[in-house]
There are 2 protein chains.
Amino acid sequence: MDTTLAYPSIPTNKIPVSSKSTIASKKEHTKYVYTFGNGKADGDRSMKILLGGKGAGLAEMSALGLPVPPGFTITTQVCTWFTNNVGKYPPNLDLQVTESIAAIEQITSTRFGDPHRPLLLSVRSGSRVSMPGMMDTVLNLGLNDTTVQGLASDSRDPRFAYDSYRRFIQMFADVVMGVPHHHFEHILEQHKRACRLKLDTDLAVEDWQQIIAKYKQKIHSEAGRDFPQDPHTQLWHSITAVFRSWSNARAVTYRKLQNIPNDWGTAVNVQAMVFGNMGDTSATGVAFTRDPSTGGNALYGEYLVNAQGEDVVAGIRTPQQITLAGKAANRSNLPSMEEVMPGLFHELNAVRQTLEEHYSDMQDIEFTIQRGKLYILQTRTGKRTARAALKIACDMVDEGLITEDQAVMRVDPGSLNQLLHPTIDRTAERHVLASGLAASPGAASGHIVFSADEAERLAQGGEKTILCRTETSPEDIHGMNAAVGIVTSRGGMTSHAAVVARGMGRPCVAGASDVNIDYNANFMEVCGRILQEGDIVTIDGGSGEIMLGQVPTTEPELSGDFSRLMGWADKWRKLGVLVNADTPEDCRKALEFGAEGIGLCRTEHMFFEGVRIVAMREMILAKNVEERRKALRKVLPMQRDDFAEIFRLMEGRPVTIRLLDPPLHEFLPHTETEMRTVASAAGLSLEYVREQVSRLRETNPMLGHRGCRVGITYPEVYEMQTRAILEAGAMVGKETGVDVEVEIMVPFVGVEAELRIVKESIDKVAEDVLVKGKMVHYVVGTMIELPRAALNAGKIARQARFFSFGTNDLTQMAFGLSRDDAGNFLPTYEKRGIIEADPFVHLDEEGVGELMRFAVERGRKTRSDLKVCVCGEHGGDAKSVRFCHKLGLDCVSCSPYRVPIARLAAAQAALSSEL
Amino acid sequence: MDTTLAYPSIPTNKIPVSSKSTIASKKEHTKYVYTFGNGKADGDRSMKILLGGKGAGLAEMSALGLPVPPGFTITTQVCTWFTNNVGKYPPNLDLQVTESIAAIEQITSTRFGDPHRPLLLSVRSGSRVSMPGMMDTVLNLGLNDTTVQGLASDSRDPRFAYDSYRRFIQMFADVVMGVPHHHFEHILEQHKRACRLKLDTDLAVEDWQQIIAKYKQKIHSEAGRDFPQDPHTQLWHSITAVFRSWSNARAVTYRKLQNIPNDWGTAVNVQAMVFGNMGDTSATGVAFTRDPSTGGNALYGEYLVNAQGEDVVAGIRTPQQITLAGKAANRSNLPSMEEVMPGLFHELNAVRQTLEEHYSDMQDIEFTIQRGKLYILQTRTGKRTARAALKIACDMVDEGLITEDQAVMRVDPGSLNQLLHPTIDRTAERHVLASGLAASPGAASGHIVFSADEAERLAQGGEKTILCRTETSPEDIHGMNAAVGIVTSRGGMTSHAAVVARGMGRPCVAGASDVNIDYNANFMEVCGRILQEGDIVTIDGGSGEIMLGQVPTTEPELSGDFSRLMGWADKWRKLGVLVNADTPEDCRKALEFGAEGIGLCRTEHMFFEGVRIVAMREMILAKNVEERRKALRKVLPMQRDDFAEIFRLMEGRPVTIRLLDPPLHEFLPHTETEMRTVASAAGLSLEYVREQVSRLRETNPMLGHRGCRVGITYPEVYEMQTRAILEAGAMVGKETGVDVEVEIMVPFVGVEAELRIVKESIDKVAEDVLVKGKMVHYVVGTMIELPRAALNAGKIARQARFFSFGTNDLTQMAFGLSRDDAGNFLPTYEKRGIIEADPFVHLDEEGVGELMRFAVERGRKTRSDLKVCVCGEHGGDAKSVRFCHKLGLDCVSCSPYRVPIARLAAAQAALSSEL
């Protein structure tokens, strides 16, 4: 009879297990140890901070009456005490542990160290948040030369007993005594070779006994002391080792990266052992209460017969499916648990039911079956794909398990990216050549090309291309649009390539520094491998990977769940969600995704096309105002048409148009041919053009002659743009019968006078266009993208009806960080935890956020109805959107594909702040 | 008898002149008009705000009993009322004016409009601060067809009377009726030609009468109405014209540029006319109570016999000296007033005495002598050269007129530049070719060269050169040092050229955009003129002018007055004054000028010399850490020697050394030859070098891989530098027996972790060098030059013992303004008043200053004894130093030649804040 290891479910009252009040009242000491088991528990799920995730889950399940092996949790408080007091424990802890062990002994009818029916324990870490594999674990604790014999006779399986003992010795030596694993692997290998044995299962009891003797010798010679036979010594050393592992190097690094405070500490869970490796009626497995991939409402998971938990994780044996459905879906030819152990399967299914109803969420559980008896070892909220998250949230609302607002909180906004773009088929094999930044999500395959023109040429023939460039510039836009994906070897998350790609919804891997492109020879070298133009690659913009050949992808499919959830989100959110859109395609996509208007329409992209760029260059190189006006007159009708098209599509929704922003520098001709073209178009000498081009080059264009500085030194440019905007507005208003609402946004303002001057000029053009009485309304506002503007917002607001934070530039200025040049050190900074995250991805709340706070406060003090928005890339980042909500902004604006993310994040922010 | 125009000094009591109380009590009305004359006055010198500078001076002089023609001042309040009420006047003003005219009539025994003894008036503007020539003036008011006859008979000079009348008509028509001058000049010219007369003095009474008739016709035809005959109409129109002129375009522009608020308004001074053009016993002149050029304690000035005030200013006639000494000094052959009118000269000298004793400062006065009687028309504080200011201040202390602290307040710190550098001889003729920014003061002549190497080569042969470059870079340092002056065609006040030149004390004209340099052809084109290499030019870095040929200069000469005043300043100032010094020469110069230590020692200049730059490039291009260390080992002993030399010179004074700051980019080889040299030195292939150079190029180097970012990604660099510093310190400490105090400054910190990491590494090197017990002490601090660092100062101060504001970079970041590229729009911004001043010259208090305020507050909250300094260029700008004092900084640091300016400005700031 294997009574040692089966824990009777009959409660016993001899020892006060729920000793919370007892200890507290008797000794007036802090309670450091929380017991669970036998349908009871000192703790519950609300006590994650004290008991860690695992401990709280075990307590909760135990109190629910689920079959949890009894045990106790030493609190995270002890970890902190231990760390602060250089390895000492608080007084009274030993007594509480002793009492708790007695409680386990009582339930299991075993005794710790008993030669006949020894209690065996597991010692596991468990912190507030999961830190997978970072800390240590000891299993089978309590075995020694004597108790192993008890286990052997009690389990009627001496081979199992000695195998368990040698496993324990090996684990203990490694974790506690610092004798590395490989020494023991080596001994085992030597023994097998000497005895000509192949598999571990070929070893007999005697083999294990010999090996155990060698293990002990090795420990003595390596550690200079013996493996301890006393179970209490074993236990305390193991507890100490787990607490110590909280401060080991990899855990500290992990916490730094994950931004987990060091003073949270870990709890230690000590629990009676159960074994899944006691023959064919034993098993171990992991299960999800719903399908984590599709969200399907059925048990889903894998198990292994006659195995321990590690074996499932280690992947040595192929795991079997739990359900028949799973077996079918995975085309497995191994029998499912549903078939092999139908009774236990139904028991597990009942546990699933209980946990889902209790937690109102999908759970990820670990279980072990020991000789036909089911034990649950862990429960926690299950990770899931975006698709599953959506389905589960909607289903649970339908099932009455959660409310609509709870459903909104259940989906990670960032994960929606998976739904909106094609993704690499999960089952496909990938040959990854190199990695870069996951700059714009989605997967795509195509022929490599190295120039925008080539991409366009091939696209006209129906070919799919991946445009590979060192970096991109506004002149590459047509090629980026023609390609199905973009790779750059330089630049960060807000480099030109990344920003434009996200806007277009093109997958993009940016800053792949292992890619070396040779434009002259038309090839690229990637980690020693040469790829010629025309070779096929696949890129995953969601992971940043570049793969050789055509890797199968899955097309996105927007389910009804998506729009249901979005609908709920819109009910809750306070922030308006607008789109950064420059083209009709952007507008259409954005409307489909629920944008409420345009928060940023950049006009510079409109200047790069064919004829326009020549006119633009003529303008810049003009010798006087008249010549400049002449050049601009060529651009006016084209720009007016662009705006008209956008106004038509937006059907009266607000449209914020930013006047020309980039440095003039960017528009200059580069090649001899380009210079010749401009010279002849403008009637200038080639020499003059060359001279001017060299004169206008800038050392730091980001800080140069750009934004309203151009608008003030060349007022004709903004006048033309204003005229184009207002004429287009008046035209479309009349044509459609719907009033056009336009917000004219002046970029790069640092001083109130700049905005005043530009605003006066806009108003003057408006008078001239006779806007009054027509169906177009405009207001003037500004970007806040300079630290000085943020600090001076009180004055600037005198001239502005609205602010829009250009958080990309604001980040560049606040950090003194060029997004184009950050690649040489920013990755190192992230890796070493010098910065929490790339500030171009998640808004830097301490620096940039502080400037925003000042701007909002000071701006609204001057003008209480000032509309404040964000139109930097951060407008589509969930964490940043939350911050914007807290700051009390009116709206965020982001690229079309990020609109749903912003809507959901805004709703979650609103719901969170209500709590 | 000319009684009309001579005002009896006998007081009269018939009319209550000092009617302040009378009017106030009688009518309960605001007092708008303040009378003066006859030894009395309603106002005094404390009332500049209400009466303007001129009005307050007239009142004060009148009350002192000085011979001031009687009159009254209409207050600036009326101007504001007039502006706000669209050209209307406050009620009761007319009555107050009428009463005040009566008072003048009483004193002068004349009547306004009287046909026999008409009272004639002048109407002049006078605001709180001088706005020379910006507003309008009307003289001889009260003349008409009738009164002119009275003037003729009363003055016994009809020619004078009619000339005065036609002058009045002309001035009135221009100022009041808007009929421009040239019409009248034309009539006069035509008459002279018709009558074959040459000089105005050739015209007889009849001529003037005919001309007056024509003048009146012209007015009628041009203005559509007649010249008014009624004196009261004339008066009110003139008063109105002067008030209106406060708002004319050029006055508004002037105020915008000078930052004078529009609501200050001007006062109007109405005063009885006196004439200096009534024959040879009449005269007019301007005088200073001391020599404004040398400070000599004697009356100094010029006068003209038989002339009006305008004639002195217009410069048609050569003025005569007032004193015999002045006549000798100016080698004048015209008789002095001391000779010609000895009685009046002594009278004037007595006035001088009275005014100096009364004002305790040198005065600038205007006087008129009318037929042997002296009148004083204006007194104000006189402008003076720096040399004069110093001498006057010291002399007045010795004379017991002022105290030492008053003396300190009397010298403009910025003017000291004149004393420390050679200047263009004031009497020399200048042929100005082009102008740029006055980037570094001083004058120098030399042969034009276009390369640093050529400058050095010629310097070795003893030739003086002016180095002309499009812009300079650290590689040009040796040439800048070898040249006597520097010209650049690009860059602003804090461009590389400007900063380095100021540091070296070399004159520099920067950003002279009219200069086009052709390096290939070795010439430069300046406004169409070609200058070849070797041509001689003279530059004035104090005015920004570039002149052709050798223009004589005056060498600086530091008088005893200089050190006396500096000594007084040091007693008062609270701010420490340190120097930005990189070389032994800098240190010597700075100590001579009274620096108390080094606030910024840049180490990068040390990397550009001969062998070092090659080693530095090897370091950057190294393939691994070992190669990098190898390259750095070559630099270590050289850098150690540099530091040792500086420590020796500074003799235990604190030395702040900044670790390497500029972008790696700047050190890269450019030419093929340079690349070859590095490749062979480092054992690399030329191709690899070329590739790396292209890879390391940055789009915006200012925001790139620089400062502590280099120190963190290539920790070997800072380790080497730290080692060099500490080893040098230990060595010099031992050698000299004086402890070396070094502050190691980490540049470009944005995040606390950066400073923590670098500090840890510094401490580790210090342990290694075994600094403890040796005679070198170090602390670690940081530059605050990023907006984020300023806002995060609370956290950064945890790691820093001191802060030093790098206000150049902080300005660049706050404004998004590259100092190298600002030349294309910043001048426009200044000209149009969009910004008050170049923020690289005067600290932008509203933006950059706000960031500094946060940094000081937050930094000191974390660490109350945090030392805070400024080491940007602003540390040597008087206005910025004042701001630093107000912020409560501990010290400022500036280039050697600015140390005296900072000392004086700091003292003035301390004295001002005590008031």
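The chain as shown is numbered from 1 upward.
A Cβ is built for glycine as well, from the same backbone N, Cα and C atoms used for every other residue.
Summarising the annotation, TrEMBL assigns domain 'Pyruvate phosphate dikinase AMP/ATP-binding' to A:50-84, A:96-328, A:346-399. Per TrEMBL, domain 'PEP-utilising enzyme mobile' is recorded for A:463-544. The active site, tele-phosphohistidine intermediate feature in TrEMBL is assigned to A:HIS496. The feature domain 'PEP-utilising enzyme C-terminal' is assigned by TrEMBL to A:559-909. Among the features that TrEMBL reports, substrate binding site is placed at A:ARG602, A:ARG658, A:GLU785, A:GLY806, A:THR807, A:ASN808, A:ASP809. As annotated by TrEMBL, Mg(2+) binding site applies to A:GLU785, A:ASP809. For A:CYS871, the entry in TrEMBL reads active site, proton donor.
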The recorded stretch from A:346-399, A:463-544, A:559-909 sharing the largest number of CB pairs under 8 A with the domain 'Pyruvate phosphate dikinase AMP/ATP-binding' (A:96-328) is A:346-399
Tertiary contacts of the domain 'Pyruvate phosphate dikinase AMP/ATP-binding' (A:50-84), defined by C-beta under 8 angstroms and 6+ residue spacing from its ends, are 7, 9, 30-44, 90, 93, 97, 100-101, 103-104, 107-108, 121-122, 124-130, 239-240, 243, 246-247, 263-274, 351, 354-355, 358, 373-380
Should one count Cβ atoms within 10 Å of each candidate's Cβ, the recorded positions A:HIS496, A:ARG602, A:ARG658 would be headed by A:ARG658
Hey, does DSSP put A:ASP809 (substrate binding site) in a helix, a strand, or just coil? helix
Taking the center of the Cβ atoms of A:ARG602, A:ARG658, A:GLU785, A:GLY806, A:THR807, A:ASN808, A:ASP809 at the recorded substrate site, which other residues in this chain have a Cβ no more than 8 Å from that point? A:LEU600, A:ASP661, A:PRO747, A:MET783, A:SER804, A:PHE805, A:LEU810, A:CYS871, A:GLY872
Which of the recorded positions A:HIS496, A:ARG658, A:ASP809, A:CYS871 sit near chain B? With a CB under 8 A, the answer is A:ASP809
Counting across all protein chains shown, how many other Cβ atoms sit within 10 Å of the Cβ of A:CYS871 (active site, proton donor)? 28
I need the least crowded one of these binding-site residues (A:GLU785, A:ASP809), counting other C-beta atoms within 10 angstroms of each C-beta. A:ASP809
Integer Å distance between the CA atoms belonging to A:HIS496 (active site, tele-phosphohistidine intermediate) and A:ARG602 (substrate binding site): 13
Just name the winner among A:THR807, A:ASN808 (the binding-site residues) by count of other CB atoms within 10 A of its CB. A:THR807
Expressed in Å to no decimal places, the gap between the Cα atoms of A:CYS871 (active site, proton donor) and A:GLU785 (substrate binding site) is 10
Here the mean pLDDT of the domain 'Pyruvate phosphate dikinase AMP/ATP-binding' (A:346-399) is 94
In angstrom units, rounded to an integer, how far apart are the Cα atoms of A:THR807 (substrate binding site) and A:HIS496 (active site, tele-phosphohistidine intermediate)? 15
The residue listed as 'active site, proton donor' - helix vs strand vs coil (DSSP): coil
The record lists A:ARG602, A:ARG658, A:GLU785, A:GLY806, A:THR807, A:ASN808, A:ASP809 as binding substrate. What's the largest Cα to Cα distance among them, in Å, rounded to a whole number? 15
So what sits near A:GLY806 (substrate binding site) in its own chain, CB-to-CB under 8 Å and at least six residues off in sequence? A:PRO747, A:MET783, A:ILE784, A:GLU785, A:CYS871, A:GLY872
How many of the residues that make up the domain 'PEP-utilising enzyme mobile' (A:463-544) does DSSP mark as helix, as strand and as coil? 18 helix, 29 strand, 35 coil
Alpha-carbon spacing, A:ARG658 (substrate binding site) to A:HIS496 (active site, tele-phosphohistidine intermediate), which is rounded to whole Å: 17
